[in-house]
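Undergrad: Below is the structure I would like to discuss, written out as structure tokens.
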């Protein structure tokens, strides 16, 4: 059953307030609730949860290991561990570069691939889109198109075999294991049927996809390795192991915590029937992505949180871009909707309960 929501548009702050609640199923024996697909983003619907999909019965398929990825991740983390031993002897500019690079790259994931392109929770003008596509390339976590396709599948088929990093398969699988094995057949089957027409029509996203390997070589490998070496005389060993291996391993693991820890540990104040949790530690590590129970309850909210800037650097960044006129039409769930949802499906942990 669908419902068209009245929208309250504020031209002053360029924010769309969602005025009616959104319902979804309850799990673990609780009553299932009808889904209402709000017509607030006409260009995208395939990130809304589909309660009709259920896993097929029977034994899971045999795991097929991707040894290339296993070897790469093993070598990366060995290099990162060695990089930790080099941190005390590296120049201060080197680790400052690593922090700066990861914040920018992180925004390419959180403000770019996630909130802009996966969920269309706000709109960005060309200069901001160019910045975010470059920042996303710096992160080296798949191109925007592939990242968004996997993420939409994660929301639509959450915690089923069609979810690429299904948390029901355990912490390790949802953290990194899903990258070390072939995708479950259900992920492939459902993923190819997702509507990705909005991204296929965006020239910048498809340009990145076409030249992704070349761009990653330049922006992810060459720049962070050679800049410390050439500009302030860092040793090549320190540049490679600290500014590249260690930096990248930290960025990856902080991102992966959203898939693992934020689906297994924390409170569920907005929807007790789903696995996604509120995890402040994950929010600190991931620039604000740890308010996961809220995000899976209201995936169309640009802040992915009820509290906007609280432990949420990405929302602060988007709001700054809006103040500069580079971001607009930010979707925000109204307080009345949030409180109604807390009362109806929350676990009682919210301060208003």
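For all residues, glycine too, the Cβ spot is worked out from N, Cα and C.
Source: prediction; values computed, not measured.
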Undergrad: Among 238, 263, 295, which residue shares the Fe cation 1 site with 114, 119, 151, 155 according to Swiss-Prot?
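TA: When Swiss-Prot describes the Fe cation 1 site, the candidate it includes is 295.
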Undergrad: Per Swiss-Prot, which of 277-281, 282-286, 287-291, 292-296 is motif 'Histidine box-3'?
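TA: It is 292-296 that Swiss-Prot describes as motif 'Histidine box-3'.
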Undergrad: Ranges 46-66, 67-87, 130-150: which does Swiss-Prot label transmembrane segment?
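TA: Comparing 46-66, 67-87, 130-150 with Swiss-Prot, transmembrane segment matches 67-87.
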Undergrad: Any idea if residue 45 and residue 123 are on the same membrane side according to Swiss-Prot?
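TA: That holds: Swiss-Prot puts them on one side.
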Undergrad: According to Swiss-Prot, transmembrane segment applies to one of these ranges: 172-191, 192-211, 212-231. Which one is it?
TA: 212-231
Undergrad: Choose the correct range: of 92-112, 302-322, which one does Swiss-Prot annotate as transmembrane segment? Give that range.
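TA: Going through 92-112, 302-322 one by one, Swiss-Prot gives transmembrane segment for 92-112.
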Undergrad: Hey, for the Fe cation 2 site built from 154, 263, 292, 296, who else sits with CB inside 8 A of the CB center?
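TA: Output for this site, in sequence order: 155, 158, 167, 258, 259, 262, 274, 275, 276, 295.
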Undergrad: Are there residues at least six beyond either end of the transmembrane segment (67-87) with Cβ under 8 Å to its Cβ atoms? List them, or say none.
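TA: Result: 95, 176, 179-180, 237-238, 240-242, 244-246, 248-250, 252.
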Undergrad: Counting only residues 6 or more past its boundaries, what in the same chain has a CB within less than 8 Å of a CB in the transmembrane segment (212-231)?
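TA: Cβ under 8 Å, 6 or more out: 91, 93-94, 97-98, 101, 134, 137-140, 143, 238-240, 243-244, 247-248.
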Undergrad: List the same-chain residues at least 6 positions away in sequence whose Cβ sits under 8 Å from the Cβ of residue 263 (Fe cation 2 binding site), in sequence order, or say none.
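TA: Set apart from residue 263 (Fe cation 2 binding site) by at least 6 residues yet with Cβ under 8 Å, we have 159, 167, 174, 275, 276, 277, 292.
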